Amino acid sequence: MLRGGTSLLGIVNFVTFLISIPILGGGIWLASRANSTDCIRFLQWPIIAIGLAVMVVSLMGFAGACYRQTWLLRLYLFAMFFIVVALLFFIVFAFAVTDRGDGQVVMNRRFLEYQLTDYNGWLKDRVADPQYWATISACLRDGHACAGMRRFARDPNTGMLVPETPDMFYARDLSPIQSGCCKPPTSCAFSYQNETYWTPNPGVPPVANDVDCSRWSNDQQTLCFQCDSCKAGVLAGIKKSWRKVAILNIVVLIILVIVYVAGCAAFRNARRIENDEPFGMARMTKTQPSRFQF
């Protein structure tokens, strides 16, 4: 039968094997969003690699605990240490590059507005790079990021489906990319025709000198994909996605640290058994009889 630490390690590593599935799921989820929504394709692969590594190493630790293989436990502890460091690095990186930037509340609008000036740091420079943005904007067009903007409402008088009114559109909760890329900024004061078709209003000047107003196009293949507001919307979407995965990985990291500590205890137990040392508290023998007589 397995003893103490090794028995516990076998059970905990089986649980860790199950925990690796959400890590893989988080990486696959980011990959799916990279192909259609966020269009950022460099973070999901490290997460998938960490998930696979956790799965393999947990099986290694389970086998080492069951068969009391010291060399396998040594390799398990070595690999687990680097996995914990890599996961910690990802968590710190994800929070560090998404620590700035939030949507702005606009009067009489339920959705938020996004401005590139609210963001800074490495991730902003990466997204705003002209060559890289050309790839992202092409991904947004090919992924039909604005296809879900169009909605209809039932006319209470005729019962027929008609395009939604401006007030209905303003009451919608748009995603960051929909708000930043699929419509002009509210500061442009354009007139609403439908969700992705807006016209300048000569009687109402723009609230601010926003260069995105001149970048807007009613061409459905252009829209505001070259606007700074679109870049800010992508950054806001990345922040939301990365932080969800990072919070999940914090829970996984805590479990992995517990597993690593249990692995160290199991490794000591395995070496004690291998060297034929007594298990548990050693008994003391007396070389002289006690002076106390009962």
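Any Cβ shown, glycine's included, is placed from N, Cα and C.
All annotation found in TrEMBL is predicted automatically rather than curated by experts.
The transmembrane segment annotation in TrEMBL covers 6-30 (among others).
If you look up TrEMBL, you'll see 42-63 (among others) marked as transmembrane segment.
Residues or ranges marked as transmembrane segment by TrEMBL: 75-97 (among others).
According to TrEMBL, the transmembrane segment annotation covers 245-263 (among others).
Contact between the transmembrane segment (75-97) and the transmembrane segment (245-263) holds: at least three of their C-beta pairs are under 8 Å, each pair 6 or more apart in sequence. Within its own chain, the transmembrane segment (6-30) has Cβ neighbours under 8 Å at 38, 43-45, 47-48, 50-52, 54-55, 58-59, 61-62, 65-66, 68, 241-242, 244-245, 248-249, 252, 255-256, 258-259, 262-263, 265-266, 269-270, counting only residues six or more beyond its boundaries.
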